[in-house]
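Peer 1: Here's a structure for you.
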Amino acid sequence: MPLMVLLLSQRTGGVAQLLSVHGLDTHRRNNLVLLDEDTAASCIAGQLVLLSLSTGARRYLPGRDGGGVGAVAVHPSRTLLAVGEKARPGPASAGPAVYIYSYPGLEVVKVLRGGTERAYSALAFDGERGDTLASVGHFPDFLLTLWDWRQEAIVLRAKAFSQDVYGVAFSPYFEGQLTTSGQGHIRFWRMASTFTGLKLQGAIGKFGNVELSDVAAFVELPDGKVLSSTETGELLLWDGGLIKVVLTRPGSRPCHDGPIEALLLDRPAGRVLSAGADGRVRMWDFGAVNDAEPREDSHSLELSPLDEVVVAEGAALSALLADSGGRRWVVADKAGNVYTVALPPAGPVGKGAVVTRVASHPAGAVAGLQLSARTHTALVASADGCLRALDYVSGAVLAEAATPQRITAFTPLPAASPACPGGAMTAATGYRDGVVRLHARCAEGLALVGVAKAHKGAVAALAVSADGGRLVSAGEDGSVFFFDLTAQPQPGTGVPGMPACGLLAPRAFIKLPSGSGTVTCGVWEAAEGGGVLLGTNRGTILSVPLPPPDLNTHHSYEWAAGTSAVSSYQLVVPKPKRPKKKKGKNDGEEGDKEGGEQDEGQGGEDKGGEQADGEGGSKEGGEEGRAAEEEEEEEADDEADGGAGGPSSTTGELISLTLAPNEPGALLVTAGGVGHAARKAWRVRMGEPLAAPLLEGFASAPVTCLAHAGPEGRLALLGSGDGLVRLQALEEPFGSAAPGALPLWEAPLHDMQSGRVSGLGLSHDGAYLVTAAADGALHLLALALPPELAPPPTTQPGDEPLPGPAALPLRPPDVLAAAAYTLEEEKQQAERDQQVREAEEKKLSVRQRLGLIRAEFEALLAENEAAPEALRLPRADLEVDPGLRALMEAEALRREEVARLELAWESERQRLGLAKLRRYFLDGLESERVVLHSLRGSSTVTTFRVAKLSDETRAELAAMRQAARAAAAASAAAGGEGGAGGRDTDARGKGSDTGGGPGGDAAARARLAEATAALEEGTASGKLNKADLRRLARKRREAEWAAFNGTRPDDTYDSPADLAAIEEARRTIGDFKLKSDPNYVVPEEERLTPQRKRLAMLELEEALHDIAAAFNAKFFALRDVKRKVLADVRVKLAALAELAAAAGAATGGADPDATAAAYLAPFSGLPSGLLPEEEPAEAREAVTDADLAAFAARKAEDERKAAAAAAGGLGGFAGAAAGPKKPAAGGAAPAGGALAGGAAGSGSVAHGAGGPSAGGQQGLTAAEEALAKMMAAVPQSELEKGLAAYNRRRVEHMRSKLSEEITAMLDAFDDAHSALKAEKLGLEADVKAGQMRLLVGLQELQLLREFDKRESVLLAKRQAKLDDKQEIVDKIAECTDKLETKRLELEGLVARRAAVVAELDAVVPESDPFREALVRVFHRRIKRSKKKAGGGGGEDDYDSEEDEEDEDMGDDEVDDDDDGGEEVCPPGCDQSVYERVCDLREKRLDEEDMIAEFTKTIEVLRKEKEALAKKQRLVEQGLAAVNADMAEFQKEKQGRLNQVEVIVALRMHQIEYLLDGCLPDDLSACLVFSASQLRRLQARVDELEEEKAGLRAAHKELRRQHAALLRDKADKEARVAELEARAHDVQMLKFGQVIDLELLDRVSSSRGTEELREDLKKQELAYARELAEWDAKINARMDELVVLTRENTACLNAVSELTAAQRRLESGLTATRKGLFADPVQQRRAEVEERDALVALVNAQAAELDRLKGQLLALRRKDTSMYA
């Protein structure tokens, strides 16, 4: 009963059913988990395999997303199972999902989507509860995602790394922490709370000096440390993201011989388990690992394992699991074996453990597959180097042959081949080391029947001839080797040392021409004696001829002539014909189907067929987008290739070459890469230029496997590079499929990433389909083929022939060494070995002759010595060659000259080497480390090891300082100019704000000027009465009030000075802004840039250098002092020694030596001079006598050894020559002794100070001694005793004085030494802090350089806005100046017009009876000639309409329009007065024309200023936006800078952060604050208090002034009220009512008011009648418009109906037109005419509508001008 059925489409369901999946992917890391005590789970291809550990039975859980299964994880409760899958890319793909299954029910509980783009590579549940699931994606995103899987929600996500991640695990001890590891990295994660929320923060482990390694396994220890594996076999202990210690075995051996693939912590047993590629599981003491500390001289620690269990010798272990009780392990190796290790209850684990192999499965990528023609047996070649015989129905491994090298090529041998013993299954395999092997299946397994190393590199392809008699092997080194396959091993080649190759008989090899590429596949030509056709990775087919049978290969297998005989054929395929897209839906879909495949292929990837498809929208949108893309690609391809359908050569690799059985000379070819050639299988005829398409391939990946089955090859089996398998029925044998035929069956059986199909085959009875791929899986499917496609019954029923040992040829010696010679190298080496053997034999014979001659000569010498002295021959007569001595002396001289030259060369070499070392180690140093000892005690102080500041650093520092100074100067200059400009702008702005606009303050000031001028003129002329003067005075007062009120600011006005003061106070408040505040924005002057940071770093580096250099100067000065002190002390000690001698002489019987020792004892420990470590440079250059003596001894020893060797080499012939040389060696001794004595003598100079005294004591003569004894016997007199006592006291005084002086000198030096040491300690701390600050600065500099580009863009934007603003401000200022000038001029003009009016009042007083008529004449507007500055002709007249439009006087006087009548002097009026009024009118009109012109100019300037102000507001808004972006950017930059960790050393008294009176364990929330800043803030508080007190006093004074002003205001208001009351009382008393003075003025000044009222009434009646007439006309036109609108609507409806009818008629005509004659030209012409008529009708109606609308608008206007 099949476990599952794969139905690829509903049409073809039931064709194939999956029965089993053989293989185990043990090469994938972390791919084995325990579900329960008896079940393990592993992923392979698209299945999750459930393996029973007790029976070896397998169950399968199929994948759901079609791309394979990527990872698996088990819930801590073992009731749930998480499976992360892979999804094939495409528009319909929703991406891979993580499915949560229940166990053991295997039902889907939850589905997690959106965690990665293509595939999952690792999964893990957290802790004991398992509430959180961690998933890691594969290429291209590598996303680490944390899931709340119960809610199917993503909690956090981050990119794990940029390379493959092998595993992920939560910390079992610390919540919120997890670890990932993979290719070249390990990363430690924690869920951290930041100011933007919860985030995943990952710290990458830094390998430092340890070699970078892939981390396949890791385990976390309880204290947070992590133990990880390496590729080299060591264990790394991580602590805080750094390697704490590297663990090795004793002897610096790695923990395992090979990579460590699994780690396990057995906490109850207190041990750590590790499994490696050496087949062993080693146990390590947990305590020793956890507490491991590195040695002082190394970063490693040697540990001995507690025990080890040998699982399997030579097995590369890949997984290690332990059951819940910890008493059984489950182990897997890379060969596909699964073991259980039962641990003993007590005693040593290594001895008591029982290892049981549970199951053996094929593992590793499958390189080839061969199915038996008789039984259900297959030969499977795995890439791990193992060839297996497999019963694919039961899954049992029948036999296997393993080699240490990978299998890179595979081909089966036909049963008729001579190399198949007894017709048994035989296959040829090629390996990575260039070896070709033949294996035949026999009764005992797989027998090796042939082996030969043909190539230096890997074997790329193998091909066997149709008759099975020849084999060709192509290697990656560009060589092609031909073998003959024989039934029996061939005899040797006759060359000794050549190995036997079994059934492989080497024939010859050729080298391919350069540029041919690497061979990927091959096939033999069908013709008898034909050569080989080889496909390459460059898309070419090479025709290689067969070497001739008579080729001489005695000296070499190479056939040099064959290289030039190789011919090449380029695979050229026709370009696909892309059909043009039609608008119809069905046609569009077909076009998408046909052309879309090509487009998808162009975007695909070679490996795995992966595609980077974007997320599409709806189906229709996707189709439209693809159609547009296809059209664009078609156009581009047509332009590039000259049109679709042209030839196209492929540059991808050729994957397979097969002879077409039904057509001699034709090849079936499949190609890789991308493009059209990889989409199909092709039929290639070598004589034709183009290949013909044979079968449609796959849209996502190239065809990698092509086979035929069924009767006459009518069934094609295809496999793709991304794991798809297809069965295709063919229309003809070995031909193509029927047009439009769909696949018989197709399924994604293998992994989409690593599942390149490498083998397909039907069983001999057609009941099964077997597939193999690079993912290591072998799928067995039951087939239910149609009868016409089922293969015929087998003609060879029965069991597989298995020959016994007797029927097999002798096993040839296998080639296992990686450095073994190839066949060609073996042949060449064999000849060289033969020549070496002959030379050695010849040398041995010569040595034997020499030995006989030497023995004969020694016998003659002995006989001569035994003869009587008289009969003895002199030794000279026994010299064999008398000229030998002269030859030897000449040879000695020659060798001496050679030695001299060699010595000179060696001396120069040593000098250059020393100079190079000096240049490398010392030239860059300004001062090296020097130690200075104190004179008393063991205190030492050292210098700073200071490197010179490089010239580049100094130049960069100088340039940056110069740039900083230039920038500061430019900024100061810009600030000065900006301040002046700002003040000017503020002043102008203030004037503009308080002055109002032209219609406000300007008009008020103009009225004030007019009123003032009129009043002054009237007063001066004396012609006005008092009423007129009072009226003019009131107008002036009103104008003054208006002007005053115009200058009053509104309630929203803010003084610029106040705003500037507030901003200055806010800026200089003196508070301390915390940079950790998320809203903190760094001030402009404090913002860091890469240049500022680099300058600060350089200045800090220079300061550190200067500090160290200054200290070193003090140090060397103190060293000079020590040298001088020691010199002075030596002098004083010599004086003390003389005093000791004098004291001994004074005391008489005292021992002088004892006295000197007593005197010098306090200073016995003083050095005689500076020590070598105190003068390293001088000591390095100095060569002492001891060094010379040691060198002489070494040289003598070398000469002795050389002489001994020379004497031994010459044998007995050197006896006479060696004798006279012996005394010379002995004669060298006196010279050496003299040198030593000289050295000793020179060494005694230091103690020469005491020499004279001792010499005096030892140099007494006998008489002096007798005299001394005699004097000693004579008793001393009192004088002598007194003199002796005086001498003793004098000596003691001098001794104490000298001792005190020496002690004072020593103490002074030691005090200076102590002070210098204390200073060094402080400076060293400062220097280290500065160096740490440099490191922090470097990190900040890197961040600043990352942000610099964005900041530059923002600064450029802001500067552009500032420039625009400044330009606008300048324009506004210029415009304001112009306005002010125009206003002043306007006021003058208004005053001049007022003077004209006042002159009129003087000419025509109020009492004049003709005043009203003359005033009307004065104010009348007349047509005047336009005055032009240049004179000349032209149109001088203009209409008074322009005056009416351009002027608006706004006066209260009557403004009569010219009625067109003739103007005459009023009857009875004086003609001179009339003419004078006309002249004044002309003056008034001139002034009003100028006023109108100035008013127009002022209005233009005002509008221009308003436009500029509006533009300024827009620019300021843009500047504010840029400043906001800059502030956000600065916040982001400061946030990143805040993340840089800074080390601050604090003492306990500096920590003032207590919780409940105790220091908390976590200080992450505390704030580190500078004491200087704290003091500054405290001082600033005092300053602010003082400022507040001053401001309060100023405020109090202002309030007092304000109160005084209020009192003055109240007094003035009371005075005004008093005056108003008095005026009211006076008016009531005189007139009985309050007089309205303005009304009185108007009444008194307008005598014709009643007349004007009558005229006004008449005009109103006339205008009312005219208005009524126009309203009637408008109503009539409106009715007409409604009628026309309805008619137009009816026409439009008719047009719409006619258009619909036309379309229906066209559809009917189109449907019934097939077969009828129709003239398309006439139809087209009729359609055009009808459409033109409709367009003309619509245009006419639109024109009529526009005309009616225009009439309506004209009728609606009430201000229609008579001049219009």
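Note that Cβ sites are derived from N, Cα and C of the backbone, with glycine treated the same way.
Among the features that Swiss-Prot reports, repeat 'WD 1' is placed at 115-157. What Swiss-Prot records for 160-199 is repeat 'WD 2'. Annotation source Swiss-Prot lists repeat 'WD 3' at 208-248, citing sequence analysis. Taken from Swiss-Prot, the feature repeat 'WD 4' applies to 255-294, supported by sequence analysis. Here Swiss-Prot flags 361-400 as repeat 'WD 5', drawing on sequence analysis. Summarising the annotation, Swiss-Prot assigns repeat 'WD 6' to 454-493 and lists sequence analysis as the type of evidence. According to Swiss-Prot, the repeat 'WD 7' annotation covers 495-534, on the basis of sequence analysis. According to Swiss-Prot, the feature region 'Disordered' maps to 570-654, 972-1003, 1426-1468. Taken from Swiss-Prot, the feature compositional bias 'Basic residues' covers 575-584. If you look up Swiss-Prot, you'll see 585-596, 604-628 marked as compositional bias 'Basic and acidic residues'. The feature compositional bias 'Acidic residues' is assigned by Swiss-Prot to 629-641, 1434-1462. Residues or ranges marked as repeat 'WD 8' in Swiss-Prot: 649-692. The repeat 'WD 9' annotation in Swiss-Prot covers 707-752. Marked as repeat 'WD 10' by Swiss-Prot on the basis of sequence analysis: 753-791. The coiled coil annotation in Swiss-Prot covers 821-850, 1479-1517, 1567-1674, 1729-1758 and rests on sequence analysis.
Looking at the shown structure, can you explain where the listed features end up?
Peer 2: For the repeat 'WD 1' (115-157), same-chain residues at least 6 beyond its ends with a Cβ under 8 Å from one of its own Cβ atoms are 30, 67-68, 70-77, 80, 82-87, 89, 95-98, 100, 163-170, 172, 175, 178, 180, 189, 191, 198-200, 202, 610, 612, 752-753.
Per-residue confidence over the repeat 'WD 2' (160-199) averages 92 (mean pLDDT, predicted model).
Listed as Cβ neighbours of the repeat 'WD 3' (208-248) (distance under 8 Å, sequence separation of 6 or more from its ends, same chain) are residues 29-30, 166-167, 169, 171-174, 177, 179, 181-186, 188, 254-265, 267, 272, 274, 276, 278, 284, 286, 289-290, 292-294, 299-303.
Remote same-chain partners of the repeat 'WD 5' (361-400), defined as residues 6 or more beyond its termini with a Cβ less than 8 Å from a stretch Cβ, comprise 20, 22-27, 58, 334-338, 406-412, 415, 425, 427, 429, 431, 439, 441, 444-446, 754, 758-764, 768, 770, 772-776, 778, 780, 794, 796-800.
Here the repeat 'WD 6' (454-493) has, by DSSP, the following mix of helix, strand and coil residues: 0 helix, 19 strand, 21 coil.
Taking H, G and I as helix, E and B as strand and the rest as coil, DSSP gives the repeat 'WD 7' (495-534) the counts 0 helix, 18 strand, 22 coil.
Only residues 6 or more beyond the boundaries of the repeat 'WD 8' (649-692), in the same chain, are considered here, and those with a CB under 8 A from a CB of the stretch are 466, 520-524, 526, 533-541, 543, 569-576, 597-598, 601-606, 698-699, 701-706, 708, 713, 716, 718, 721, 733-735.
With DSSP states grouped into helix (H, G, I), strand (E, B) and coil, the repeat 'WD 10' (753-791) comes out at 0 helix, 18 strand, 21 coil.
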Peer 1: For the repeat 'WD 6' (454-493), give me same-chain residues lying six or more residues beyond its boundaries with a C-beta closer than 8 angstroms to one of its C-beta atoms, as numbers and ranges.
Peer 2: 406, 408-420, 428-436, 438, 500-512, 514, 516, 518-524, 526, 532, 534-535, 544, 546-547, 553-554, 557, 659, 809-810, 812, 822-823, 827
